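Everything below concerns the one structure shown next.
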Amino acid sequence: MKYFRLAQIMIFAIEEINRSEMLLPNVSIGYQIYDTCSSRMSSMSATMGLMNGPEFAAGETCNGQSSIHAIIGETESSATMLVSLFVFYLFFFSQISHTASCECLSNRKDHPSFFRTISSDYHQSRALAYIVKHLGWSWVGAVNSDNDYGNYGMAIFLNTAQKEGICVEYSEKFYRTEPEKLKKVVDTIKKGTTKVIVAFVSFIEMGLLIDQLNILNITGLQIIGVEGWITSKSLITPKSFQVMGGSLGFALRKINLEGFSDYVVKAFWETAFPCTQLKGNSSQYVINCSRYQDLLALKNYNEDVPEQRYSSHVYKAVYAVAHSLHSLLKCKEQEGFNFTVKFGDRVWFDRTGAAVAQYEVVNWQQDSDGSLQFKSVGYYDASLPPDQQFVLNTENIIWARGQLKPSSICSESCLPGTRKAAQKGRPVCCYDCIPCAEGEISNETGNLTQCPGDLLSNAEKNKCVLKAVEFLSFTEVMGIVLVFFSLFGAGLTVLVAILFYRMRDTPIVKANNSELSFLLLFSLTLCLLCSLTFIGQPNEWSCMLRHTAFGITFVLCISCLLGKTIVVLMAFKATLPGSNVMKWFGPAQQRLSVVAFTLIQVLICVLWLTISPPFPHKNMKYFKEKIILECSLGSTISFWAVLGYIGLLAVLCFILAFLARTLPDNFNEAKFITFSMLIFCAVWITFIPAYVSSPGKFTVAVEIFAILASSFGLLHDPDPVLSEDLNN
C-alpha cells in the first residue's frame, strides 16, 4: 500500500504540471512505472526496460531507444546505487530519489547525476547520537540492516557516539534473507544489559525484528528509530506495541498535499482505470475489468494519506524534473537550482545533491481511547543555527511500557571521594569506583581533579585543603632550646669580654694579645647571635643574611685565632739568639692579616649575593602532606665555597696550633687553640652528612647546632687565660 500511494502521488504531481500554464506550457510529461518488489535484480531489470523503450522485453538486445529523461527512484539505497551507476555511465540520465538517504550517495565522483529530495543520513545518524546524549544515556545497543543504508548510517552513529562519550554494548546487523543472523541479533538483545536500542534498520528488517521480539516476549526496551520505519502504520499494532510502545525516532516532516486526499478516491480511479463507472445514482465506483479486481478494496480508502510522509518528497522530485526541463527548453543557464512548491517549501540541493535535513521527533503513544498514534515531541533542523537545531520536549514523551524514563548506564556515577577505574576489556563507560589517591579529589560530577602543589586532599577526598606549613619557629620547643643556647653563649662571651676588660692591665692579659682577644670575643658573640637568623619564617632578607653573616663572622673568628697562633710561634722564635722575627708580625701585621682573611670571605659573599642569592622557597617534594618553608641556596657552589674557605682557615689554624702545642711557658695558648680547632673541625665534618640527610626543619636545626657547638668550642680558647689570671 505504501508504494502504491507513492505511485499515486507521482501521477498526481505529473497531472498538475500538465495542467499548468506556467510550467512547461504546451509540453506534457509522460511516465512509466515499474514495481521492483524491493529486489535489486528487479531494479536492474526495470532500469533496462526504461532505457530501451516500452517494447523492450526480457531476452531482447538493448537498443537504447527511449524517451526517458529522468528516473525517480529507487526507494532503497543499495538498489539506488546500482541504478545511479548504470544510468549515468551508460545512458547519461539524471536520477532523483525520494527515499534513498545513504551517505554513500553523497559522493559526487561516483554519483555525479544523482539527486535526492530527502536529506543524507549523515545528519540523521548524528542526530541519533544527540538524542541519546540529551536523554542522559551512555550505554546503548545498536542494530542495523546489513546493507548500504544500515551500514553507512550505523558507522556515522558509532563515530559520533564515541565523540559524545556514549558507549555501545554491542553492534549487530542482519539482512532480511538471513534468519540465522536475525536470531543471533535477538539473542544478543535478550542477553544485553542495556535497555536502550538504536535501530538503524529498513522497514522490512524492522518488521522481522519486531516479530521475533514478540515471539520471545522481550519487552521493556526503549527503541530509538530512524525515518525508514518509525512512522510505518503497518508496524504499529496492538501486538507490536507491547514490545515497541514508547519508541522514539526521527521521521520526515508531515506535509499535507492539498487535493491529494480527494484525488485518491475519485480522480485517480477515473483516469488510471477507465473501466470504472458510477453505480447508479450513488458515488460508489464499480470496476468492471477483471484484471483490476484486486484493487477494488483500495478504491475508497484514504485514511493512510496523512501519514504518507514521503509524499512531499515524491512530489518535489517530480517538480524538480519539470523545472529542469523547463529551464532546458528555455535555454536558461542557472548557477543554482531552487524553486518553491505550492505548500510553501523551497526545494534546493546542496553540493552533494541532497536536500536540507529536517526531521520530526515522534513517539509511539496510546491515546485514552486505545488508539495508537505517532506523536510529535520535538524536531531536528540542520538549516538552523547549531544551538537551535535540536529541540526535544521530554515532558510529552511516553516511555517504554508507560514507565518512567529508563536509566541506561553501564556503571553508576562514582561518589565524591572516589574515582573511575576502567574494567579490563570493557568500554570506558564501564568502570569500578575506587578511593582517590593522595592529592586527588572528585566531586558530585565524578570529575577527578589533581590538587595544586600547595594543597592536599582532605580525608573524604572531596576537597582540596591547605597543606601544613613547616619551618623552625621561635615558639616550638626545639626553637626555644636553640634560642636559649644561642643567647646563653652570647651572654657568656660578653661576660668573658667584660672580665677581660676589667683585667686589661694585668700582665697575663697584656701578654695574651688583648686586641686580638677582644676581637675574637666580639666575633664569637656575632657567631652565636647569627644562629638566630636561621629561626623563624624565611623571607628574602633573612635568607640572604643567615649564610653570609655566618660565613663572615666565622672567618673573622678563625682569622683572630690564626693570628694568635702565629703570634705564639713568632714569640717563641723571637727568644732565640739573633732572631728578629717579631718585627715582621707586629700588631699592624696582625690586624692586616685578620682584615685580609675576612675580606676574601666578604668578596665571596658579595659575588654570591650578586650572581645568585639565597631566596625563600616552598619545598613540596620532600613531604606530600606538608610544605617546608626553607631558604634555597641559590648558588650551591657559592655556599660550599663559603664553607670551604672557613674549613681551609680552620685546618691551617689547627696545623699551626698543633706545631706550637709543646712550646714551654704558662702563657702558651697553642694547646687550647689546638683543642678548639679539633672540636671545630669535628663538628663541621659531621655536619655535612647530617645536613644533607636531615628532613625539613631539622636541616636548619642541624646547621644551628653546628654553629653553636663550634662557637662554644672556640669560646674555650680565651677561658684558660682568664682562669690563669683569676688564680694569680
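Using N, Cα and C of the backbone, Cβ positions are placed for all residues, glycine too.
Here TrEMBL flags 478-715 as domain 'G-protein coupled receptors family 3 profile'. What TrEMBL records for 477-501, 516-536, 548-572, 592-611, 637-660, 672-692 is transmembrane segment.
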Considering the transmembrane segment (672-692), which listed stretch of 477-501, 516-536, 548-572, 592-611, 637-660 counts the most C-beta pairs under 8 Å: 637-660
Interface present between the transmembrane segment (548-572) and the transmembrane segment (637-660) (three or more C-beta pairs under 8 A): yes
Surrounding residues of the transmembrane segment (477-501) on its own chain - C-beta under 8 Å, 6+ positions past either end: 509, 514, 517-518, 521-522, 524-525, 528-529, 531-532, 535, 697, 701, 704-705, 708, 711-712, 715, 718-719, 722
